[in-house]
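Q: My questions all concern the structure below.
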Amino acid sequence: MYTKIFRAVIIGAPGSGKGTISDRIVKTFGFLHISSGDILRQNIIKNTDLGKKAQQYIASGQLVPDDIMTKTMIARITEVGNKSYILDGFPRNSAQADILAAREQIDAVINLDIPHDVIIERVKHRWIHAPSGRVYNIGFNDPKVAGKDDITGEPLTQREDDKPEVVSKRLQLYDELMGPVLAWYAERGLVTSFKGRETKEIWPRVERFLKDKVNMG
Ligand code: G5P
Ligand code: MG
């Protein structure tokens, strides 16, 4: 049982494994996973106003406008209340980081540093169950039955923004916008970087780091 409330942000390029590592953090530490991308994709499926607005931006690899995103994410964080969480996909630029900083005290930033060539190869094989956000990867974590979600048995889909031309645009945008955000967090001594090519080498280091941080090692 962890008593201290811990607020972490996970940062990394598209396909770096933020969702994968966050799932393990949820299972090991019981934190809540707040993923901006999952929230948007669920809204697209439900055809909400937010989903309708976000769809075009996501499909073309652009960011959803800041006002929409900050409103959505701050509402979700408020709903979560006083619980430990791992924030994935937000903030995405300096404007969003400023708004988050005004609202929340972040305890740690986990930065996943994965080479772009690894990422480009990976996302070609990514399949998702969009309603839940569950993610699979052929040859890494295959579904039990090909093409079907393990829990619901519903069909898996590929993300529209995983097309190679959209992925390269997302990677470029990431480098451009997240450099200043990382620098801002680094100045405050919050960033720990995990460099590697595979989740199996990165996860044990993240787990150790968090155990030490929450003083339960
Ligand atoms: P998202 O949804 O936030 P991205 O682009 O930040 O999307 P993404 O693509 O979800 O990040 P990830 O979560 O970092 O990647 O990676 P993942 O899904 O865990 O892993 C990638 C794949 O590799 C998976 O298939 C996984 O199984 C596999 N994998 C993991 N480890 C290994 C390994 O060791 N080996 C192998 N072989 N495979 C592995 O944002 C999407 C869009 O939403 C909008 C934007 O339009 C954005 O482009 N958006 C926002 N817009 C404005 N502001 C915000 N704050 C926004 N947030 C989202
Ligand atoms: Mg993700």
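Each residue, glycine too, has its Cβ placed from N, Cα and C.
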Q: Hey, TrEMBL has AMP bound by SER36, ARG41, GLN62, LEU63, VAL64, GLY89, PHE90, PRO91, ARG92, GLN96, ARG159. Any idea which of ARG24, ARG170 it lists too?
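A: The candidate from ARG24, ARG170 that TrEMBL ties to AMP along with SER36, ARG41, GLN62, LEU63, VAL64, GLY89, PHE90, PRO91, ARG92, GLN96, ARG159 is ARG170.
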Q: With GLY15, SER16, GLY17, LYS18, GLY19, THR20, VAL135, TYR136, THR199 listed by TrEMBL as GTP-binding, which of these, ARG7, ARG126, ARG208, is given for the same site?
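A: So the GTP site in TrEMBL includes GLY15, SER16, GLY17, LYS18, GLY19, THR20, VAL135, TYR136, THR199 plus, from the candidates ARG7, ARG126, ARG208, ARG126.
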Q: If the criterion is a C-beta within less than 6 angstroms of any ligand 1 atom, which of the binding-site residues GLY15, VAL64, ARG92, ARG159 pass it? List them in sequence order.
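A: What lies within reach of ligand 1, judged by Cβ under 6 Å, is GLY15, VAL64, ARG92.
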Q: List the binding-site residues GLY19, GLN62, TYR136 whose Cβ sits under 6 Å from any atom of ligand 2, in sequence order.
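A: Those binding-site residues that pass the cut-off, since their Cβ is under 6 Å from ligand 2, are GLY19.
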Q: What does the structure give for the C-alpha distance between ARG126 (GTP binding site) and GLN62 (AMP binding site)? Integer Å is fine.
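A: Cα-Cα distance, ARG126 (GTP binding site) to GLN62 (AMP binding site): 20 Å.
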Q: Please give the GTP site's span as the largest CA-CA distance among GLY15, SER16, GLY17, LYS18, GLY19, THR20, ARG126, VAL135, TYR136, THR199, to the nearest whole angstrom.
A: 14
Q: When DSSP is mapped onto helix/strand/coil, what comes out for ARG126 (GTP binding site)?
A: strand
